[in-house]
């Protein structure tokens, strides 16, 4: 039986070099699978051809933009998905979708192995391999960059020696991953934490200091899902794309952070996610208006745990599924409009309205028409602080003994 290796193919250095390397090491055919996740940039027909030129027996490009937006970005919006309160899971949410399509290709082509180009230092090896284990444990997993101790310099040298078509060079060694949800840049001079990122590494965002005129936008949601922008109906994909343009033009969505990786190391990452950040901020603001206090407080903890599960590669795990069910149950009333101003790298929320709002003007106002019964407050305060009062009394008495 012929070994058929289904490869997660990005068109970049590691996976392009992996094609001829796997053919030699495993003595089999390579099926390269690439996904269009709205990353833009290079024409994917060129990516497909590069895989064939590198020796792939088949090269498949899947248009998965809408699927990615509806089934992966939307749950992230509902969960306000921010790892370490900053990173909107740009790469992390794309990996389970890639896993899904690789497994499908494995079934189509009678695949015996599945391969990825991740190193042993990153999170993606975990996301891919746990995903394969969860969805098709019969596929044997190969990770050439990790298992055969490839470094980036060695990969470049191998490509040059074997005439493998790549766009990477020793002078520009950044590792870049991008999709419609955002863009991630790492390695190179960024590995020195004191080096500031230069303007040329950014592609999704303009310099916040350019001084563009402020852009006011109204984002409307139904059940936690963005459905219109400035009154125009949009799909989730269209919402992300439009806000990528508009927020990106204002320099919104740039992140420079030191991230706690799953494998135990800290890593410096640069992210651009203008549309993602704008949508999550708008969604959070609408939740503030429409979700009851105790539920909102509890959901914030669930959101943080959800982001950790996704970051850690457990998209298909039972806890993630249960968290999804809880989060979905909270979105029933997250319907309404959020008005925000995008300007100079910042987002300012300046308007909120919802037919499901829990904000009661007559209870909140300090002016005439106030319906809040302040006579109830004194007893409430006494009861609220009673247990703390008793504990502090005990501690004072114990200190006097």
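For all residues, glycine too, the Cβ spot is worked out from N, Cα and C.
ATP is bound by 8, 9, 10, 11, 12, 13, 14, 15, 16 in Swiss-Prot, and the record lists one more residue there from 106, 111, 117, 120, which is 117. When the candidates 87, 202, 204 are compared with the L-citrulline site entry in Swiss-Prot, which names 123, 127, 175, 259, 271, the shared residue is 87.
Relative to residue 12 (ATP binding site), the binding-site residues with Cα atoms inside 10 Å are 175, the candidates having been 124, 175, 259. Cα spacing between residue 14 (ATP binding site) and residue 127 (L-citrulline binding site): 17 Å, rounded to the nearest whole number. Neighbour counts of Cβ atoms within 10 Å were compared across the binding-site residues 124, 259; the minimum falls on 259.
Classification of residue 123 (L-citrulline binding site) by DSSP places it in coil, neither helical nor stranded.
Summarising the environment of residue 8 (ATP binding site), the number of other Cβ atoms within 10 Å of its Cβ, over all protein chains shown, is 24.
Secondary structure at residue 10 (ATP binding site), as computed by DSSP, is coil.
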